[in-house]
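Remarks on the structure that follows.
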Amino acid sequence: MNLQLTDDGRLRHLLTLDGLPRAIITQILDTAESFMDVGEREVKKVPLLRGKSIFNLFFEPSTRTRTTFEIAAKRLSADVVNLNIATSSQTKGEAILDTVDNLAAMHADMFVVRHSQSGAAHFIARHVAPHISVVNAGDGRHAHPTQGLLDMFTIRRYKGAFHNLTVAIVGDVLHSRVARSQIHALTTLGVPEVRVIGPKTLLPTGVEQMGVKVFHDMEAGLAGCDVVIMLRLQNERMRGALLPSAQEYFKFFGLTLEKLALAKPDAIVMHPGPMNRGVEIASEVADGPQSVILPQVTYGIAVRMAVMAMLAGGTA
Amino acid sequence: MNLQLTDDGRLRHLLTLDGLPRAIITQILDTAESFMDVGEREVKKVPLLRGKSIFNLFFEPSTRTRTTFEIAAKRLSADVVNLNIATSSQTKGEAILDTVDNLAAMHADMFVVRHSQSGAAHFIARHVAPHISVVNAGDGRHAHPTQGLLDMFTIRRYKGAFHNLTVAIVGDVLHSRVARSQIHALTTLGVPEVRVIGPKTLLPTGVEQMGVKVFHDMEAGLAGCDVVIMLRLQNERMRGALLPSAQEYFKFFGLTLEKLALAKPDAIVMHPGPMNRGVEIASEVADGPQSVILPQVTYGIAVRMAVMAMLAGGTA
Amino acid sequence: MNLQLTDDGRLRHLLTLDGLPRAIITQILDTAESFMDVGEREVKKVPLLRGKSIFNLFFEPSTRTRTTFEIAAKRLSADVVNLNIATSSQTKGEAILDTVDNLAAMHADMFVVRHSQSGAAHFIARHVAPHISVVNAGDGRHAHPTQGLLDMFTIRRYKGAFHNLTVAIVGDVLHSRVARSQIHALTTLGVPEVRVIGPKTLLPTGVEQMGVKVFHDMEAGLAGCDVVIMLRLQNERMRGALLPSAQEYFKFFGLTLEKLALAKPDAIVMHPGPMNRGVEIASEVADGPQSVILPQVTYGIAVRMAVMAMLAGGTA
């Protein structure tokens, strides 16, 4: 049934947080916790994946995401090979599978896949041999599960538990693969109230069916929140008909100190990066005491190490 | 005399299979055999080239070929540096030698060279200091010796010996550096009958002088073969006057199940990749039981490890 | 005061040779001396920076410079991640700092920074956390300190001492970050006579205030020199109004055997590379017995290892 799990319920691939059991999510977060000290050591390395071959298979360029996986893999002592593969709109799935089969024949252990089309990582996962794992590093608008997991790790670190939280996700939910991953994870982990805040043009129709409350007024939506997750506004959205201008957007949906004051006093502010300062978030907030945006990056390495170790750590 | 061998007959560079003695080819294949299990291990690494500096010097981009050498070098524990060097038609050999001299001064141990011009790897090999080895990873239409060697390794694995085989090479022999390497190796290893099959426009004039039989009719050429090696048809060939269309080409020279049935029942099908399915080969054949196309890739890593180990493995 | 030094006078960043104390320069050269044998060993590696994360942060592409730092870091056993970051003229410093903060949050230990704008490495150094070091790998026209240091290392190796030398720097001093670094270092190390030689259009106004003698006539400038440092002439200079033609430039300021004969008989010839043969230097000189251009490259690895080891070598 679930492509992501083995028959006996262990993690087989990481493709999406949708349908990933709570126990597995918790196991990933716990494993990440155990890797938190590696980054602090004099020698930032553990030999867990020594001699494993991990391929960063990027059909869409993303220096930032590639770097986080490369660092995580190197801290686990794996051998990493980066492949930037240009695809055109005519590239058939067949060509992708031939590429994957070739790398598999080189005794690959793991593919970290980034692709502009939704479902690409699933497509590859459905195809690979039993000993190879696939990690989705972002597929179109669909999912970006390691980002969702590091967000959960961040919330757990700062808030201790999930069962008593109100979490708001603010901005371009419509085009965000991050938002979908987050909503799935928050719901699974038992967050009682998840809110999405944004203009009608940037919220998916029927988003309420994912179990979230919808707000078009940011002030109302932020009231009483424990966690505020800001989404990046892609510049290209502002060129089209969806939005009037960056200034206008900031006025209504940019997170300022004033608006943040409506959330709980100990609310934390998160952002998946890279930020558009002055568009979706004010610099005073991004660099302020409630921001946990840089800790998110630190946790992201531990979470990716955890996922890679669970997938390729062998039978041990 | 022979740039590839030391005075006492050991491998000094790997530039072409033309003129490489049978004993050396056999030694490479035997060494590759000893590396075959490394890819199967929990820790896919041997410390043979630890602390050696290998430079992938790619004057022509090729992610695929670069990856195979990078993986092979990392499994030998070497340090690998990838250099993509853009060259223009005006780039003088002098500039290439200055680049090579610079890297040599950084105590390089090996250059893996890919260049669009025939003879580039020889040019560099003629120039480098005695402790540096050059591996030709493809130079123009001239040679691609590790591909030729992995093909021989594949044939030996599946057929056991060379002295009783009929081998057909099908397609664009004219523009193929792979085909030239294969013909040299097959002849040297004692294959009694090597055939080339293709339209007149894609076979070099005088190819018979390399000791091969020429067929323009694929059915006749395949009859009784033990090994069928398909060549990739570059898309740019079909735009020019050489070929009418991909469909037409497939009709006459594409390998289908029907045509393959004319070869021996246990004939194997090889292809250097990447394949143009439906142009030079039908998917039913590429993915069928007689295809050894993916094992070729696996063997390619072992063969490249063997070549690198023999070249830079030190005095041991 | 000095961004490059800790309160107790140890090296904190390497940004420029301007103001770097003589004792520190000498310490770097001495440390480099101790790394000189690593490149000659069977296993060219020391475990000094094992588990450290070094980021090559190249906002301006330079395969050559990136390679020297990558090799140096790998010989120290560090983990190296290469980032080529495209910047546009509108890229604000804010975006650079967000990138740097992100990498810092991944527990980076060192940034090797290349940028087309003067002051970029200083800007980053001023910003980073105490445990992170910055090495300037070239910023606009400003500085390229590891190049300057390897030049000093080269001079010391061949001439033994600095106090009795006459050193000439020839060519496009105006646009050269290398020349500025060299002049600072030579002066600091006590070279009694530093000369700059070039046409008026390629010497900065007021260069005399850096403590150098100015010559517009190459023959006069070379007379009696111990060391001749040639600068690269960027091709783009010749397209503009600054210079008539490459031939004309070579006639007046290209280093030929005839002109070199005016320097001391044991004078050495240096060049930071890549050379324009026939423009600033004749091939007979570049490849002649007085040329130490390739040894410079070899020393450059040892010097970069020394700088990296001093910066990230920990408290030991």
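Just so it is clear, glycine is given a Cβ too, placed from its N, Cα and C backbone atoms.
Bear in mind that TrEMBL entries carry predicted annotations, made automatically and left uncurated.
According to TrEMBL, A:Arg64, A:Thr65, A:His144, A:Gln147, A:Gly273, A:Pro274 bind carbamoyl phosphate; the candidate from A:Arg41, A:Arg114, A:Arg126 that the record adds to this site is A:Arg114. Its own atom aside, the Cβ of A:Arg232 (L-aspartate binding site) has 19 Cβ atoms within 10 angstroms in the protein chains shown.
For the recorded carbamoyl phosphate site, residues A:Arg64, A:Thr65, A:Arg114, A:His144, A:Gln147, A:Gly273, A:Pro274 set the reference point as the centre of their Cβ atoms, and the other residues of that chain within 8 Å of it by Cβ are A:Ser62, A:Thr68, A:Ala137, A:Gly138, A:Pro272.
The Cα of A:Arg177 (L-aspartate binding site) lies closest to that of A:Gln147, out of the binding-site residues A:Gln147, A:Gly273, A:Pro274. Comparing the binding-site residues A:Arg64, A:His144 on other C-beta atoms within 10 angstroms of each C-beta gives the minimum for A:Arg64. Figure note: comparing Cβ neighbours within 10 Å for the binding-site residues A:Thr65, A:Gln147, the maximum is reached by A:Gln147. Chain C has a C-beta under 8 angstroms from the C-beta of A:Arg64, A:Gly273, A:Pro274, taken from the binding-site residues A:Arg64, A:Arg114, A:Arg232, A:Gly273, A:Pro274. Comment: L-aspartate site residues A:Lys92, A:Arg177, A:Arg232; largest CA to CA distance 31 Å, whole number.
Each residue contributes its Cα atom, and for A:Lys92 (L-aspartate binding site) and A:Arg114 (carbamoyl phosphate binding site) those atoms are 16 Å apart.
Secondary structure at A:Arg64 (carbamoyl phosphate binding site), taken from DSSP and collapsed to helix, strand or coil, is helix. If you compare Cα positions, A:Arg232 (L-aspartate binding site) sits closest to A:Gly273 out of the binding-site residues A:Arg64, A:Thr65, A:Gly273.
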